[in-house]
């Protein structure tokens, strides 16, 4: 506490160092999330191969869509790391300016990076907090409210994803799932019947496993 009950402001150098530490911590969180999603993706690939052997094209398509969503999520996480690196570089520049000018300066580079980072759900809470602190310190200007409110952008699977689904299925199954089909609706050869009861039980187990896998991937992406 300072005079008249006011909180003593931290020295600019201490603020910059604290921000840098928080950014590095969030980068480690993002790295872990990327690894988790990629590990889960390997399991999905194995499931696609198994489903392809049984001629379950519908299951393969569902899993391929999950892989597309996961790869998009990983791409966004890598982009967020690049933005965080930009902020870290900006913090180094602030320390250099501080030594010469004795105060922190506005940075358009940091501003742009932070505007992107506050939209990433995985790190949004920390980035919003950092943005407010940086605004207060005068490094960035006040961000528009819609920047904060546009975080809920759930992407739908677009028609153009069909080609990506085909490509993934062809790649994972080494061409076994059709010969580079033009549409995912192409039928596969029917598997040979081997007992109705056993097949029904297997299908139920596979559906449960598929739902569990989708749930794990959705949790990792959220």
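Keep in mind that glycine also has a Cβ here, set from the backbone N, Cα and C atoms.
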Kindly point out the range from 201-211, 212-222 that Swiss-Prot annotates with motif 'MIT-interacting motif'. 201-211
Hey, what's the Cβ neighbour count for residue 216 (site 'Interaction with STAMBP') at 10 Å? 16
